[in-house]
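Everything on this sheet refers to the single structure shown next.
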Amino acid sequence: MLAVHFGAGNIGRGFIGALLSKSDFTINFVDVNKDVIDALNEKQQYKVVLADENKEELLVKNVSGINSLANPEQVIEAIEKADIVTTAVGPNVLPIIAEIIAKGLTQRKSITDRPLNIIACENMIGASTLLKEKVFEHLTDQEQAEFVKLYGFPDSAVDRIVPNQVNEDLLTVSVEPYYEWIVEDTEIKGNKPAIDGLTYVNDLTPYIERKLFTVNTGHAVAAYLGHFLDYKTIKEAMDTELIQDWVKGALNESGEALIHMYQFEKENHQAYITKILNRFVNPYISDEVTRVGRGPIRKLGGNDRLIRPASLYLEKVKKEPIYLAQAIAAALMYKNDQDEEAVTLQQQVEEKGYEQTLREISGLSGDHPLIPVVMNQLEQLKNK
Ligand SMILES: NC(=O)c1ccc[n+]([C@@H]2O[C@H](COP(=O)([O-])OP(=O)(O)OC[C@H]3O[C@@H](n4cnc5c(N)ncnc54)[C@H](O)[C@@H]3O)[C@@H](O)[C@H]2O)c1
Ligand SMILES: O=P(O)(O)OC[C@@H](O)[C@@H](O)[C@H](O)[C@H](O)CO
């Protein structure tokens, strides 16, 4: 069985590749990073190391790479033959890979009517749905009508902390032992891909929102406030009582909103939070706040990990989300010359001020009650 996976980065190699390989898939990684692709073709295998005291190693075999910039025709050919297509490229890259996926599906359809599922494994609500929209922009009306019956784009939620890598070998990837991969099965075309460790559900919404608004919310709070206080890693930040309290405060707020929305058992949700807080302080992982805080414009989006739980808390719980607002303020203040979005964000702040920048990036209406709460927290942070 052949898997074509876009994005041979941390989560691509360290999670999706590892799981697909365990279920006997051969994996064609597609990437624009020449060094990684060359190394995959040369070695045809790589190591995944579990970041705990045992450092158990898994050898991922039968892998190869395609450089999509140099050899787009090979990508098209791979999609023609694939049994599954997955991505882990980052939400902003989905529109960029859509065209070649459309070409691959078009070529496939000219040869076979075999169904195919394309699963975007990104930290975003509705990532596969977005990819489908972008792919369909490259198809005629007739192709769209045919493809919709054969090609599924099921949404998914993926959870495994894979930090930036500092190994001698370029391909080796160190990952936390914990993982969760959930896929919405209502959109699947043909047989459900049999992948060990993947869970199918009928309705992904509670799962993706619980994950994004707990793991990623907590992570973002630790990253932006950690950076504000000059900490370099998530663990360093979390080892500080003050930041730990801020993260817990934010997760209590997002938790109350989630419990209200999805009727989760309060105790179960608290246990979920506690487990996540322990994952953040894994001593075998060094995760930079700059990785976790990367892309602040995306992270300040209206449906993302900070604004959406804060808005839900206001709307459903009817209280002011002080801790989430503080993290939103820290995200607005986030400066990092190495991060393109952080640079653009600060240019926007310089030109338009914090309040207008927040409105434009988050899409919150001018009179949204969250805005004064954030502005108040911002003033307090400036004085810290
Ligand atoms: N690292 C984690 O802990 C983690 C966990 C869950 C989900 N995710 C999600 O997985 C996705 C990838 O994150 P990551 O941490 O692996 O990032 P990463 O930067 O390590 O990997 C992304 C890969 O995509 C490649 N890429 C960029 N443009 C491309 C293109 N046009 N075509 C093909 N490949 C391209 C990059 O070269 C890189 O190898 C993100 O959506 C992220 O939110 C990450
Ligand atoms: O990947 P991002 O930029 O959306 O978010 C950064 C981290 O919070 C994220 O990568 C987590 O490590 C991951 O989502 C854990 O499952």
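Glycine is treated like the rest: Cβ placed from N, Cα and C.
Noted in TrEMBL for the protein shown:
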BINDING   Ala3, Val4, His5, Phe6, Gly7, Ala8, Gly9, Asn10, Ile11, Gly12, Arg13, Gly14  NAD(+) binding site
DOMAIN    2-197  domain 'Mannitol dehydrogenase N-terminal'
DOMAIN    203-348  domain 'Mannitol dehydrogenase C-terminal'
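Within the same chain, residues at least six positions away from Ile11 (NAD(+) binding site) with a Cβ under 8 Å of its Cβ are Ala88, Cys121, Val158, Arg160, Val162.
A Cβ distance below 6 Å to any atom of ligand 1 is met, among the binding-site residues Ala3, Gly7, Gly9, Ile11, Arg13, by Gly7, Gly9, Ile11. Under the DSSP three-state reduction, His5 (NAD(+) binding site) is assigned to strand.
Sequence-distant contacts of Arg13 (NAD(+) binding site), defined by Cβ-Cβ distance under 8 angstroms and a gap of at least six in the same chain, are Phe29, Tyr46, Val48, Val60, Leu171, Val173. Under DSSP, the residues of the domain 'Mannitol dehydrogenase C-terminal' (203-348) split into helix, strand and coil as follows: 105 helix, 2 strand, 39 coil. The DSSP secondary structure for Ile11 (NAD(+) binding site) is helix. Per-site Cβ counts within 10 Å over the binding-site residues Ala3, His5, Gly7, Gly9 peak at His5.
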